[in-house]
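**Student:** Attaching a single structure in structure tokens format; questions to follow.
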Amino acid sequence: MDQSNYSSLHGFILLGFSNHPKMEMILSGVVAIFYLITLVGNTAIILASLLDSQLHTPMYFFLRNLSFLDLCFTTSIIPQMLVNLWGPDKTISYVGCIIQLYVYMWLGSVECLLLAVMSYDRFTAICKPLHYFVVMNPHLCLKMIIMIWSISLANSVVLCTLTLNLPTCGNNILDHFLCELPALVKIACVDTTTVEMSVFALGIIIVLTPLILILISYGYIAKAVLRTKSKASQRKAMNTCGSHLTVVSMFYGTIIYMYLQPGNRASKDQGKFLTLFYTVITPSLNPLIYTLRNKDMKDALKKLMRFHHKSTKIKRNCKS
């Protein structure tokens, strides 16, 4: 049998944390809890911002998109991850691995670009408040979202296709708990310099360029906030922007460390825990970060809870 086709016939073995079975049991519980928090928190943000007409603004339009993205991102990874952590079966089919890799890279790229667009939205709202709704009109917001998803899809197709075309010479064991690009590059039996440099180059475009734009936007925002005499306005701007900067720091920090190192020098276990952080923990914290100091979102969530309570009460009365 041609060894280069072995993986396509038999799939991949995901080692995960199989060297630490007790850790796997603990991690499976932790991951399941964070996944539940992600599902509940992000779904609540989407519903609350849709039901409250006061939140039908560009800022919350992008926040809904981020919440939807986090739901998709985690769902593309965590169910399979839990199967890997819980049971003895550590395999994933070749087709399953391909789908996971393409979707994972696509959605990860979308988040990088979406965070940059959200910073531009805050820049426009704070630095050009009189022109905010003219500049950030619904048509432009929709075009931005379509462009983000399209560019990210192209990035995913290029990187994943390059990686999957690398021959593995029969090696189908991935020292990871998901089909991640660095793990697949490591099992190749040929020189991977071209692929690694492609990842690095596209990483600069998809990761570093948006990050630079975010930092520039917040430089102007900080300047505008310091000029504002109203303490209440300063506090509101700092709360909103502080939430976004926290999310940016958590997400970009791990992504840069993982993908923008030529040769990917992160150790095996270090790489796994970093992946756990930005695929499991960060999406679950986003709803908390964005609502903790946001009075409008808190009020919208209270309305959603009252609406749910009333609808439940009506259903009970109808049944009785």
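Note: Cβ is positioned from N, Cα and C throughout, glycine not excepted.
Pasting the feature list from Swiss-Prot:
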DISULFID  C97-C189  disulfide bond
CARBOHYD  N5  N-linked glycosylation site
TOPO_DOM  1-25  topological domain 'Extracellular'
TOPO_DOM  50-57  topological domain 'Cytoplasmic'
TOPO_DOM  80-100  topological domain 'Extracellular'
TOPO_DOM  121-139  topological domain 'Cytoplasmic'
TOPO_DOM  159-195  topological domain 'Extracellular'
TOPO_DOM  220-236  topological domain 'Cytoplasmic'
TOPO_DOM  260-272  topological domain 'Extracellular'
TOPO_DOM  293-320  topological domain 'Cytoplasmic'
TRANSMEM  26-49  transmembrane segment
TRANSMEM  58-79  transmembrane segment
TRANSMEM  101-120  transmembrane segment
TRANSMEM  140-158  transmembrane segment
TRANSMEM  196-219  transmembrane segment
TRANSMEM  237-259  transmembrane segment
TRANSMEM  273-292  transmembrane segment
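Help me picture where these features are in the structure shown.
**Tutor:** Under the DSSP three-state reduction, C189 (disulfide bond) is assigned to coil, being neither helix nor strand.
Summarised as a single figure, the pLDDT of the topological domain 'Cytoplasmic' (50-57) averages 89.
Listed as Cβ neighbours of the topological domain 'Extracellular' (80-100) (distance under 8 Å, sequence separation of 6 or more from its ends, same chain) are residues 7-18, 24-25, 27-28, 31-32, 35, 160, 164, 177-179, 280.
DSSP labels the residues of the topological domain 'Cytoplasmic' (121-139) in these numbers: 16 helix, 0 strand, 3 coil.
Secondary structure of the topological domain 'Extracellular' (159-195) per DSSP (helix as H, G, I; strand as E, B; remaining residues coil): 15 helix, 2 strand, 20 coil.
Counting residues 6+ beyond its ends, the topological domain 'Cytoplasmic' (220-236) has Cβ neighbours under 8 Å at 122-123, 126-127 in the same chain.
Sequence-remote contacts of a segment are chain residues at least 6 beyond its ends whose Cβ falls under 8 Å from one of its Cβ atoms, and for the transmembrane segment (58-79) they are 31, 35, 38-39, 41-43, 45-46, 49-50, 100, 103-104, 107-108, 110-111, 114-115, 117-118, 121-122, 125, 132-133, 136, 138, 141, 145, 178, 240, 279-280, 283-284, 286-287, 290.
Taking Cβ pairs closer than 8 Å, the transmembrane segment (196-219) reaches residues 109, 112-113, 115-116, 119-120, 122-123, 151-152, 155, 158-159, 162, 181, 185, 241, 245, 248, 252, 255-256, 259-260, 262-264 in its own chain, all 6 or more past its ends.
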**Student:** Going by DSSP assignments with H, G and I as helix and E and B as strand, what are the residue counts for the topological domain 'Cytoplasmic' (220-236)?
**Tutor:** 14 helix, 0 strand, 3 coil
**Student:** 10 Å Cβ neighbour count around C189 (disulfide bond)?
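**Tutor:** The answer is 13.
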**Student:** For the transmembrane segment (273-292) and the transmembrane segment (101-120), check the count of CB pairs under 8 Å (sequence separation 6 or more) and say whether it reaches 3 or more.
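**Tutor:** The answer is no, given that the two segments have fewer than 3 Cβ pairs within the 8 Å cut-off.
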**Student:** Using a Cβ cut-off of under 8 Å, list the residues of the same chain at least 6 residues beyond the topological domain 'Cytoplasmic' (121-139) that approach it.
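**Tutor:** Same-chain contacts beyond the ends: 58-59, 61-62, 217-218, 220-221, 224-225, 237, 240-241, 244.
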**Student:** State the residues, same chain only, that lie 6 or more residues beyond the ends of the transmembrane segment (140-158) and have a CB under 8 A from a CB inside it; answer 'none' if no residue qualifies.
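**Tutor:** Sequence-remote neighbours of the transmembrane segment (140-158) are 58, 61-62, 65, 102-103, 105-107, 109-110, 112-114, 117, 198, 202, 205-206.
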**Student:** Please list residues from the chain of C97 (disulfide bond) whose Cβ is under 8 angstroms from its Cβ, counting only those at least six apart in sequence.
**Tutor:** G11, F12, C179
